[in-house]
């Protein structure tokens, strides 16, 4: 018996250790089933919200354009009508935000990041309707805003709504479903499930609490929201630019150069956004009437610009395939780029309910196409296709501004269905991110959140300072 025990002892000990490790790993994964079920519910709700919001914006825009088309032959009518309709739609969005849910202004993504750190409140009962209806107004007016910011915020708020409705008390459930809604919202906005997952894991890395529960919940929510989106809209790529040729290896240095350019552009772009936000705060000074009036003027301006040069306004998704196909000259591309930079800064910096993803992707496409056409002119021996630089530029500006290169790469590849361009995308986005970091630029959403928290603390300090001091006078008795 002693001999047998001594012979089996080393193997038995090793086997026992492996068994304990496996049991510990299995027992550690005590994922509450209710959280995973609720994650699926959050994904379905967010997907339905995304489809409704997308179709609602399209309907409002179509009705506005149809009304203008009916009076297109009457110049004395079409110009005033274009201004008035867009102004009224925009004013509705600004009014709802300023009067009922100030946290619904702007993109909304920084609000979700703040909520994940328990620094910002989540009032879903007012944010969801205000963001939905207000977004219909501002985006329907033709302002240079995107649909993805509202979808991320409404998705995150939907997650918190499910938590409150089903009375899930655990902090893990509250955090996981908030992140799930945000990821599902981005997935539903762009039909890009992997980008939705990466956005939460990479861009919100400082706020997201990594655990088996939260990762599973995010995956399930993104899957269900994507299924809902594709059930109603089909499985085609959201931006159809056709299949582009792969980039030859001897042209990769040009993509690195493009990334360097976009790194600098991203830092400057972010700085201009912050300056524009400060400028509008000085203009309205917190007075909601002035803010609504400013919003009406901006909306009316976009309505007029839509008649003059439609490519200068709108989210930009319709412009991307046209620009990537090389239908504009270099001079026209630069003109559109400058015009859209100005309109993007004005619309987003004013605090209108709407995102900046889509306008940013359009800007990257335009400048990338201009760079590609220039390279094709100076280096004809490479046989360059300008569209590949358009796709690379689309992700590069996002990577430099938001500081999430992996999300930018995957998002653009999923949206355009051009996965063969992954190598030039990596070179361009990594170069843009490194240059932006070297120049000291701050990630866009993190910087906006920091500014919001600073204003929150300042307002709190002002309230405390204005409270009357209570004097403790000694009580005397007889």
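A Cβ is built for glycine as well, from the same backbone N, Cα and C atoms used for every other residue.
Per Swiss-Prot, transmembrane segment is recorded for 33-69 (among others).
What Swiss-Prot records for 70-76 (among others) is topological domain 'Periplasmic', and it gives sequence analysis as the kind of evidence. Secondary structure by DSSP for the topological domain 'Periplasmic' (70-76): 3 helix, 0 strand, 4 coil.
What Swiss-Prot lists as transmembrane segment is 77-100 (among others).
Sorting each residue of the motif 'Selectivity filter part_1' (106-110) by its DSSP state yields 2 helix, 0 strand, 3 coil. Under the heading motif 'Selectivity filter part_1', Swiss-Prot lists 106-110.
Secondary structure at residue 356 (chloride binding site), taken from DSSP and collapsed to helix, strand or coil, is coil. Annotated chloride binding site per Swiss-Prot: 107, 356, 357, 445, in sequence order.
What Swiss-Prot records for 109-116 (among others) is intramembrane segment.
Feature annotation from Swiss-Prot assigns transmembrane segment to 124-141 (among others); the stated evidence is sequence analysis. Within the chain carrying the transmembrane segment (124-141), a Cβ under 8 angstroms from the stretch's Cβ atoms is held by residues 49, 52-53, 56-57, 60-61, 64, 85-87, 89-94, 96-97, 100-101, 103-104, 108, 147, 150, 153-154, 157-158, 160-161, 164, 295, 299, 302-303, 315, 347, 352-354, all 6 or more beyond its ends.
Counting only same-chain residues 6+ beyond the ends of the motif 'Selectivity filter part_2' (146-150), those with a CB under 8 A from a CB of the stretch are 53-54, 57, 106-109, 131-132, 135, 139, 185-186, 189-190, 315-316, 353-360. According to Swiss-Prot, the motif 'Selectivity filter part_2' annotation covers 146-150.
What Swiss-Prot records for 148-166 (among others) is transmembrane segment, and it gives sequence analysis as the kind of evidence.
If you look up Swiss-Prot, you'll see 177-189 (among others) marked as intramembrane segment, on the strength of sequence analysis. For the intramembrane segment (177-189), the residues of the chain that approach it from at least six positions outside its boundaries are 35, 38-39, 42-43, 46-47, 49-51, 54, 109, 112, 115-116, 122, 146-148, 151-160, 162-163, 168, 195-197, 199-200, 204, 208, 214, 217-218, 220-222, 224-226, 228-229, 357, judged by C-beta separation under 8 angstroms.
Per Swiss-Prot, the feature intramembrane segment maps to 193-201 (among others); the stated evidence is sequence analysis.
Residues annotated as transmembrane segment in Swiss-Prot, with sequence analysis given as evidence: 215-232 (among others).
Sequence annotations record features per position, and here Swiss-Prot assigns topological domain 'Periplasmic' to 233-252 (among others) based on sequence analysis. Confidence in the topological domain 'Periplasmic' (233-252), given as mean pLDDT, stands at 90.
Long-range contacts of the transmembrane segment (253-281) within its own chain (CB-CB distance under 8 A, at least 6 residues past either end) are made by residues 247, 291, 294, 341, 345-346, 348-351, 356, 360, 363-364, 367-368, 371, 375, 379, 382, 384, 389, 392-393, 396-397, 399-401, 424, 427-436, 438-442, 444, 447, 451. Taken from Swiss-Prot, the feature transmembrane segment covers 253-281 (among others).
Panel annotation: around the transmembrane segment (288-309), residues 64, 68, 78-79, 82-91, 93-95, 98-99, 138, 141-144, 280, 336, 339, 343, 346-347, 350-352 of the same chain, lying at least six beyond its termini, place a Cβ under 8 Å from a Cβ of the stretch. Taken from Swiss-Prot, the feature transmembrane segment applies to 288-309 (among others), supported by sequence analysis.
Per Swiss-Prot, the feature topological domain 'Periplasmic' maps to 310-329 (among others); the stated evidence is sequence analysis. Counting residues 6+ beyond its ends, the topological domain 'Periplasmic' (310-329) has Cβ neighbours under 8 Å at 139, 142-147, 238-242, 302, 336, 339-340, 343, 358-359, 361-363, 365-366, 369, 373, 386-387, 390-391, 394 in the same chain.
Residue 445 (chloride binding site) falls within a helical segment according to DSSP. According to DSSP, the topological domain 'Periplasmic' (233-252) comprises 5 helix, 0 strand, 15 coil. For residue 357 (chloride binding site), the same-chain residues 6+ apart in sequence whose C-beta sits under 8 angstroms from its C-beta are 146, 148, 149, 189, 190, 398.
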